[in-house]
(Lines of atoms letter the chains of each structure in order from A and count residues from 1; the text may use other names and numbers.)
(Lines give C-alpha, C1' and ligand atoms only; values in the text may rest on other atoms or scores of the structure.)
Protein backbone atom coordinates (compact mmCIF):
# COMPACT_ATOMS: atom_id res chain seq x y z
CA UNK A 1 0.00 0.00 0.00
CA UNK A 2 1.26 3.47 -0.87
CA UNK A 3 1.30 6.38 1.59
CA UNK A 4 2.01 9.55 -0.42
CA UNK A 5 1.36 11.76 2.64
CA UNK A 6 4.53 10.32 4.17
CA UNK A 7 6.48 11.97 1.36
CA UNK A 8 6.09 15.19 3.36
CA UNK A 9 8.94 13.92 5.54
CA UNK A 10 11.66 14.10 2.86
CA UNK A 11 9.96 17.04 1.11
CA UNK A 12 10.41 19.26 4.18
CA UNK A 13 14.18 18.69 3.97
CA UNK A 14 14.33 19.01 0.18
CA UNK A 15 12.58 22.41 -0.04
CA UNK A 16 15.60 24.63 0.75
CA UNK A 17 17.77 22.46 -1.49
CA UNK A 18 15.55 23.31 -4.46
CA UNK A 19 16.32 27.00 -3.93
CA UNK A 20 20.01 26.17 -3.43
CA UNK A 21 20.22 24.56 -6.87
CA UNK A 22 18.84 27.73 -8.48
CA UNK A 23 21.11 30.10 -6.54
CA UNK A 24 24.71 28.89 -6.44
CA UNK A 25 26.93 29.61 -3.43
CA UNK A 26 29.52 32.38 -3.43
CA UNK A 27 33.24 31.76 -2.79
CA UNK A 28 33.06 28.03 -3.39
CA UNK A 29 36.49 26.33 -3.40
CA UNK A 30 37.39 24.75 -6.72
CA UNK A 31 38.88 21.46 -5.52
CA UNK A 32 36.72 18.56 -4.39
CA UNK A 33 38.16 16.44 -1.58
CA UNK A 34 35.15 14.24 -0.88
CA UNK A 35 35.82 10.57 -0.27
CA UNK A 36 33.93 8.33 -2.66
CA UNK A 37 32.78 5.90 0.07
CA UNK A 38 31.06 8.75 1.93
CA UNK A 39 29.57 10.09 -1.30
CA UNK A 40 28.21 6.65 -2.20
CA UNK A 41 26.77 6.20 1.31
CA UNK A 42 25.17 9.64 1.19
CA UNK A 43 23.60 8.87 -2.21
CA UNK A 44 22.26 5.48 -1.12
CA UNK A 45 20.88 7.01 2.06
CA UNK A 46 19.31 9.91 0.19
CA UNK A 47 17.65 7.51 -2.25
CA UNK A 48 16.23 5.49 0.66
CA UNK A 49 14.92 8.40 2.71
CA UNK A 50 13.08 9.71 -0.35
CA UNK A 51 11.66 6.38 -1.52
CA UNK A 52 10.89 4.41 1.67
CA UNK A 53 8.22 6.82 3.04
CA UNK A 54 5.96 5.81 0.16
CA UNK A 55 5.48 2.45 1.86
CA UNK A 56 4.94 3.53 5.49
CA UNK A 57 2.29 5.64 7.15
CA UNK A 58 2.93 8.21 9.86
CA UNK A 59 1.84 7.36 13.43
CA UNK A 60 1.60 10.02 16.12
CA UNK A 61 -0.32 8.49 19.01
CA UNK A 62 2.05 7.26 21.72
CA UNK A 63 4.25 9.41 23.92
CA UNK A 64 7.35 8.05 22.18
CA UNK A 65 5.95 9.03 18.77
CA UNK A 66 5.02 12.51 20.01
CA UNK A 67 8.51 13.03 21.47
CA UNK A 68 10.00 11.85 18.18
CA UNK A 69 7.82 14.31 16.28
CA UNK A 70 8.97 17.13 18.58
CA UNK A 71 12.63 16.23 17.96
CA UNK A 72 11.87 16.16 14.23
CA UNK A 73 10.35 19.65 14.42
CA UNK A 74 13.29 21.00 16.45
CA UNK A 75 15.73 19.49 13.95
CA UNK A 76 13.75 20.94 11.05
CA UNK A 77 13.70 24.37 12.72
CA UNK A 78 17.49 24.25 13.20
CA UNK A 79 17.86 23.16 9.57
CA UNK A 80 15.75 26.04 8.27
CA UNK A 81 17.56 28.47 10.56
CA UNK A 82 20.86 27.34 8.98
CA UNK A 83 19.47 27.87 5.50
CA UNK A 84 18.11 31.33 6.40
CA UNK A 85 21.57 32.26 7.74
CA UNK A 86 23.11 31.08 4.46
CA UNK A 87 20.67 32.94 2.17
CA UNK A 88 20.69 36.15 4.25
CA UNK A 89 24.48 36.32 4.17
CA UNK A 90 24.93 36.36 0.40
CA UNK A 91 25.08 32.57 0.03
CA UNK A 92 28.63 32.30 1.36
CA UNK A 93 29.75 28.71 0.78
CA UNK A 94 31.32 28.29 4.21
CA UNK A 95 27.97 29.03 5.89
CA UNK A 96 26.66 25.72 4.58
CA UNK A 97 29.04 24.00 6.99
CA UNK A 98 29.92 26.55 9.70
CA UNK A 99 28.88 25.74 13.28
CA UNK A 100 25.56 27.09 14.49
CA UNK A 101 25.06 27.56 18.23
CA UNK A 102 28.05 25.30 18.80
CA UNK A 103 26.77 22.50 16.57
CA UNK A 104 29.28 21.55 13.86
CA UNK A 105 27.95 21.11 10.29
CA UNK A 106 24.35 21.83 11.36
CA UNK A 107 23.01 21.46 7.82
CA UNK A 108 24.21 17.85 7.92
CA UNK A 109 23.43 16.94 11.52
CA UNK A 110 19.92 18.41 11.68
CA UNK A 111 18.50 16.51 8.65
CA UNK A 112 20.21 13.34 9.86
CA UNK A 113 18.49 13.65 13.25
CA UNK A 114 15.23 14.56 11.55
CA UNK A 115 15.33 11.40 9.43
CA UNK A 116 16.35 9.16 12.34
CA UNK A 117 13.39 10.31 14.42
CA UNK A 118 11.09 10.12 11.39
CA UNK A 119 11.83 6.39 11.37
CA UNK A 120 10.10 6.24 14.75
CA UNK A 121 6.91 7.97 13.60
CA UNK A 122 6.78 5.76 10.52
CA UNK A 123 7.62 2.58 12.46
CA UNK A 124 10.11 1.79 9.73
CA UNK A 125 13.32 -0.11 10.37
CA UNK A 126 14.15 0.31 6.67
CA UNK A 127 13.90 4.08 6.98
CA UNK A 128 16.11 3.95 10.07
CA UNK A 129 18.78 1.99 8.17
CA UNK A 130 18.70 4.40 5.21
CA UNK A 131 18.85 7.34 7.66
CA UNK A 132 21.96 5.86 9.28
CA UNK A 133 23.56 5.32 5.86
CA UNK A 134 22.67 8.89 4.87
CA UNK A 135 24.18 10.29 8.09
CA UNK A 136 27.30 8.12 7.71
CA UNK A 137 27.95 9.76 4.33
CA UNK A 138 26.50 13.24 4.69
CA UNK A 139 28.12 14.24 7.99
CA UNK A 140 31.71 13.24 7.07
CA UNK A 141 31.34 14.81 3.59
CA UNK A 142 30.12 18.03 5.20
CA UNK A 143 33.03 18.02 7.65
CA UNK A 144 35.40 17.61 4.70
CA UNK A 145 33.72 20.55 2.95
CA UNK A 146 33.87 22.61 6.15
CA UNK A 147 37.62 22.02 6.46
CA UNK A 148 38.06 22.82 2.77
CA UNK A 149 36.11 26.10 3.11
CA UNK A 150 38.27 27.20 6.04
CA UNK A 151 41.50 27.11 3.99
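Cβ atoms are placed via backbone N, Cα and C, with glycine included.
Note: TrEMBL annotation is automatic and uncurated.
Per TrEMBL, these features apply:
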- 6-23: transmembrane segment (TRANSMEM)
- 35-60: transmembrane segment (TRANSMEM)
- 66-83: transmembrane segment (TRANSMEM)
- 95-119: transmembrane segment (TRANSMEM)
- 125-144: transmembrane segment (TRANSMEM)
Annotated stretches the transmembrane segment (66-83) and the transmembrane segment (6-23) touching (3 or more Cβ pairs under 8 Å): yes
Spatial neighbours of the transmembrane segment (35-60) far in sequence, C-beta under 8 Å, 6+ residues away: 1-7, 9-10, 14, 66, 69, 115, 118, 121-124, 126-127, 129-138, 140-141, 144
